[in-house]
Amino acid sequence: MDQASFPVVGVVIAVVSSFINGSTFVLQKKGILRARKSGGTYLTDCVWWCGTLAMIVGQIGNFLAYNVAPAVVVTPLGALGVLFGAVLASWLLQEHLNLIGKLGCALCCCGSVVLIIHSPKNENVTSRAELEERLMDPVFLVYISVVVLLLIVLIGWLSPAHGKSNIMVYVGICSLLGSFTVPSSKGLGLAAQEAFSGTPTSDSRALFLFLVLLGILVVSILIQFTFINKALESFSSNMFEAIYYVTFTSCVILASAILFREWTALGIVDCFGILCGFITVSVGVALLRISQESKFSWSQTKAKKD
C-alpha cells in the first residue's frame, strides 16, 4: 500500500469508528433500561455488553486511524458519532430532541470541529527524556494539581449531592479525566520505545515511567467508565454524548497544549478560531441544558395533571 492511499484509509477507518463510537452510549443506555425493567443489574445484560464492546472496538479504530492519517483530518470526524448517536437514540430509546436540543447538538459538533482545526498541533516531544522534562514543568504540574482538586470536589462532594440532577457533574468528571488519558497514551509510546528496546542504558527508568503512565491510564479509564454509566442511568444518551464530546475534546486540547507546549505555535488566526469555536460550543451546551430543563418542566407539569 503506497503512502498516498494512507489518508484515504485513515478517513475510512475514522468514519467507521465514529459510527461505532456513536452507538456505544445508546446501547449501554438500552442495556441499563432493560436491566431496570427486569429488576436485575446491567452488568448481566447482553445489550449493555454490546455497547461496551463497541466502545473498545471504536477506540481501537481511532488508534489505527491516527496512525495512518493526520489528526487534523481524523479528529473532526468524531462529530459524526454524536449525530449518529442522536439518530440511533431516537430509534432505539425514543429519545427525541426538541428543536432547541437539535440546534444545540449541531452547534456542539460544529464548534468542536472548529476548535480541533485551530488547536495547536506541534508535538515536538520525541524522546523519553523530553517527556520527563515536560511532565516536571511547573505550568503542567499546576494544571494537573488544579484538575486533581476539581476531580476531588466533583467526585467527593458534587457527585453524591447533585450528580443525578445536573448532567455537568458527570460530564465534568469524565472530561477532566481526559487530561490524564490522552497525554498518558501519547507518553506510553515514547516510554515503550526505550523500555522495550533491548538496550540496558535507560531501560529501568523508561520501564518505570511506562508502568506509571499505564497505571494512570487504566485508573482514569475505569473511573471514566464508571461515571459514564452513572450518567446514562439518569440522563438521555444523545444529550450526554453531545456535551461530553465537547468538554472532553476541550480538556484534551488544553492538556496536550500545556504538556507539549503546543500553545507557542498558535497564531492570531488560530486564537480567533479557538475563541469562535469555544463561543459556539458554549451556546450549544447552553441550548442543550435549556432543552433538558424545558423537557423536565413539561414532564413535571404532565405528572401533576395526571
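Heads up, the Cβ atoms here are built off N, Cα and C, so glycines get one too.
Curation plays no part in TrEMBL annotations; they are all automatic predictions.
For 6-27, 47-66, 72-93, 100-120, 140-160, 206-228, 240-260, 266-288, the entry in TrEMBL reads transmembrane segment.
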Could you tell me what the rest of the chain brings near the transmembrane segment (266-288), counting residues at least six beyond its ends with Cβ under 8 Å?
100-101, 103-115, 117-120, 239, 242-243, 246-247, 250
Tell me whether the transmembrane segment (100-120) sits in contact with the transmembrane segment (6-27), defined here as at least 3 Cβ pairs under 8 Å among residues 6 or more apart in sequence.
no
